[in-house]
C-alpha cells in the first residue's frame, strides 16, 4: 500500500488509485472539506458584501460555490473524457480572481463578472487543450517556485485564522488568549497525532484535531449556530439567474488572471504527483487545466465564480500521505450535499476561525515543502535556476509583506501585481524565457538542467 521515495522514506499511505475502507475514507474526506470550505465561500461573501447584494442573493452564491466545487472535485478525480486529471484535486472558488472581480463588479455588477469569467475561461481551456505546445513555458523551475510561493503567501492567512479573525489584525478579539489557546490546542494535537500515532489517527490527524477544537470551542461559547437556523432545507441551481454581460475590458482583465491560475494549477498537479514519487504526466496536467477551465465556465453560468485546485488540500496530501482520489470524490459529494441542502453546509461553516487556523496553518507550510520537493526532484540548481527562484521568491514575498509597493500603479495593475503568487509567478516565467541557458559560472552546466527539466513523462 505505502510507496517509498528515492530516499526510502514512506511518501504515501494510500496511493492515487487505492480505496480506503469507508470507515476511514469518510473522515478523510471531511478533512479535505474542512480544509477548503471557508476559503471556498469567502469569495462569494466578500463580493456580495462589496456590491451590496440582498441576503437571499448572497445565500444563493454561497450554495452555488459549494455545488460547483463539489462537481469540479468529482470531475478532477473521475474525468469526463479529457476533462479532469484523474487525481485527488479538491476544487474551490479561486482567491486569485477576487481583486479583479471586485473591480469588474463595482462597474458592471454580477452580469459583467459572470460574462468575463465565462469568456476568460476559454483561455485556460485553450492552454489545457494545447498543453504540449505551452509546456516549455512551464518547466519545473517555474512550477516549483509557484508552488513554494503559494504556500509562503498563505501562511499569513493561516496566522490570521489562528488568531481568531480571518479579517486580519484590526478585527475584534484578534490574538486573544482564548483564540490562541484554542488554535494551539488544535495545532499541537494535529502534530502529535500525525507524528506519534499510526493508522486512522495519523492520516486523519487534521480532522480529529479540528473536531477536538470544535468541541472545546462549543464549551467556550465561541461557536455561532445561527447560520444553521437561518439556512434553508433545499437549494436549486438556476442558470443565468443574475443575467450575463460581455464587457471587453473586464474580459481581458479576467483572462490575465486565468493565465496565472493556469500556472498555479500546473504547480499543484505537479506537487500532488510528486508526493507519490512520480513526475506529473502531460495527460494529468492537460486534464487538470481543462478541468479548471471547463468548470470555471460552467460556474459562471450557474452563478459561481472561477474555480481552481485548492493548494491547502495539496498540503493536506503531503502532511497525511493520503493521495487517494476516491477520498476526494467523497469530499466532492459532501460539498454537493452541502450545496443542495443548505443546513448541512451551514454546519460546516460554523467552525470558528481559531479552530480552522490551528488545523490548517501547518498545511500552508506543507505546500511550501511540496514546491521544494519539485525543485529537489526535477531541477538542477545552476546559477541560472537559483537566480530565477531567488528573484521570483523575493518579488513575490515583497508584495505580500509590503503591498504598499504597488499603491501608486493603476488600479487594475495593482490588482494583478498585488498578489505575491502573480508577481513571483510572472517573474519566474519571464526570467525563464529571458536568461541564457548556458550560465557563465557554476559547477553544473545549464544544458544538463535543460535535459533534466524537459524530459518526456
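Cβ from N, Cα, C; glycine included.
The transmembrane segment annotation in TrEMBL covers 33-54 (among others). Sequence-distant contacts of the transmembrane segment (33-54) (same chain, six or more residues past either end, CB-CB distance under 8 Å): 61-62, 64-66, 69, 90, 92-95, 97-98, 101-102, 105-106, 109-110, 113, 166, 206-207, 210, 304-305, 310, 312-313, 316, 331, 334-335, 338, 345, 348-349, 351, 356, 359-360, 363.
Remote same-chain residues near the transmembrane segment (60-80) are listed as 36-37, 40-41, 43-45, 47-48, 53, 86-93, 235, 237-238, 241, 287-288, 291-292, 294-295, 298-299, 302-305, 307, 309, 325-326, 328-329, 331-340, 342, 345 (criterion: CB distance under 8 Å, separation of at least six residues from the stretch ends). Per TrEMBL, transmembrane segment is recorded for 60-80 (among others).
Per TrEMBL, transmembrane segment is recorded for 110-129 (among others). Counting only same-chain residues 6+ beyond the ends of the transmembrane segment (110-129), those with a CB under 8 A from a CB of the stretch are 47, 51, 53, 82, 97, 101, 104, 240, 242-247, 250-251, 253-255, 257-259, 261-262, 265, 286-290, 292-294, 296-297, 299-301, 303, 305-306.
What TrEMBL lists as transmembrane segment is 141-159 (among others).
What TrEMBL lists as transmembrane segment is 171-193 (among others).
Under the heading transmembrane segment, TrEMBL lists 200-222 (among others).
What TrEMBL records for 242-261 (among others) is transmembrane segment.
For 326-349 (among others), the entry in TrEMBL reads transmembrane segment.
Taken from TrEMBL, the feature transmembrane segment covers 355-375 (among others). Under 8 Å from some Cβ of the transmembrane segment (355-375) lie the Cβ atoms of residues 34-35, 38, 140-141, 143-152, 154-155, 157-164, 182-187, 190-191, 206, 209-210, 213-214, 217, 267, 270-271, 274-275, 311-312, 314-316, 318-319, 381, 389, all in the same chain and six or more residues away from its ends.
Under the heading transmembrane segment, TrEMBL lists 387-403 (among others).
Annotated transmembrane segment per TrEMBL: 415-435 (among others), in sequence order. Away from its own ends, the transmembrane segment (415-435) comes close to residues 96, 99-100, 103, 137-139, 141-142, 145-146, 149-150, 152-153, 253, 256-257, 260, 263-264, 384, 387-389, 391-393, 395-400, 403, 406, 409 of its chain (Cβ-Cβ under 8 Å, at least six residues beyond either end).
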Are there three or more C-beta pairs under 8 angstroms joining the transmembrane segment (326-349) and the transmembrane segment (141-159), sequence spacing 6 or more?
no
In the same chain, who gets a Cβ under 8 Å from the transmembrane segment (242-261) while lying at least 6 residues past its ends?
57, 94, 96-97, 100-101, 103-104, 107-121, 123-124, 127, 292-293, 296, 300, 303, 306, 308, 412, 415-416, 419, 421-422, 425-426
